Amino acid sequence: MSYKKVEGASGTQESLVGKDSLDSGVVWMADDDALILNLGASILKKHNVEHRVFTNGLELLKTFDKEKPDVIFLDMRMPGMSGLEVCERIRHRTGRLIKIYALTAQVLHNEQTELLEKGFDGIVMKPFREADLLASLEGMGPSSDGLIEVDVSGLAKMAGDNVEEIADILAIVKEETAKDLVAMKSALADQDHENLVLLVHRLAGRVGQVGARNYALDLRDAERTLRESPAPVDKVEIDRLARMGYGFIRTLEDMLQTTYKV
């Protein structure tokens, strides 16, 4: 993997190229909170996504005059110019060509509808999790299927109720599942039937092992269908399973931040 980092007045940019890159294009993020920017940059870097971060909307718009990203995440309450104002200016210049997501710590249902009507493609709640950001980049939305039921009692028994050991296992499962979901998207785009069967099979075994029984059953059913029908893959079903996968990751993240925080 090659890596290049450039810092300047127009924000901080990182270009990463690797075989496991998330195919999301160039991503920009603007927020006046350094913690949020560092978190977002860390997630994007981890998944080899070329990205640039900005501390305010004006800075982003100046750079926008010279180059264009594919996806933008905008904090709604930046000083100088709000995320909504930045979104409206970009929409005026380029229409709906660029995906734009609102970053906000709180939004009522009617406000959510208003944001979508005013040009945003979706909303990511702060503090966001890795799965939320990845789901947005996959075009699935961070709250598409919610959390997935996971009963770790069997895993806990195998680990002798050792909290640290359980946490280590859940963290590994979370990381490997995120990688497989990215690979599944690529396999679906390429109609790579053989690889899809492998990925779905692997996911089913892994999520079942940690107690996501219903999700595992859905994956097993999909695996059976894929093996029996080598025809073009059902994109709707694979997308549904991927959304459930991001819900599964969010469930593990919640567990790692609460019950199994070490």
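Glycine residues also receive a Cβ, built from the backbone N, Cα and C atoms like all the rest.
Please treat TrEMBL annotations as automatic predictions, because they have not gone through curation.
Taken from TrEMBL, the feature domain 'Response regulatory' applies to 26-141. If you average pLDDT over the domain 'Response regulatory' (26-141) in this model, you get 89.
Shown for the domain 'HPt' (162-259): DSSP residue counts in helix, strand and coil, namely 83 helix, 0 strand, 15 coil. If you look up TrEMBL, you'll see 162-259 marked as domain 'HPt'.
Taken from TrEMBL, the feature 4-aspartylphosphate covers Asp75. Look at Asp75 (4-aspartylphosphate): DSSP puts it in a strand. With a cut-off of 8 Å between CB atoms and residues at least 6 apart in sequence, the same chain places Ala30, Asp31, Asp32, Asp33, Ile36, Gly83, Leu103, Thr104, Lys126 near Asp75 (4-aspartylphosphate), listed in sequence order.
What TrEMBL lists as phosphohistidine is His201. Packing around His201 (phosphohistidine) is summarised by its Cβ count: 16 other Cβ atoms lie within 10 angstroms of its Cβ, all protein chains included.
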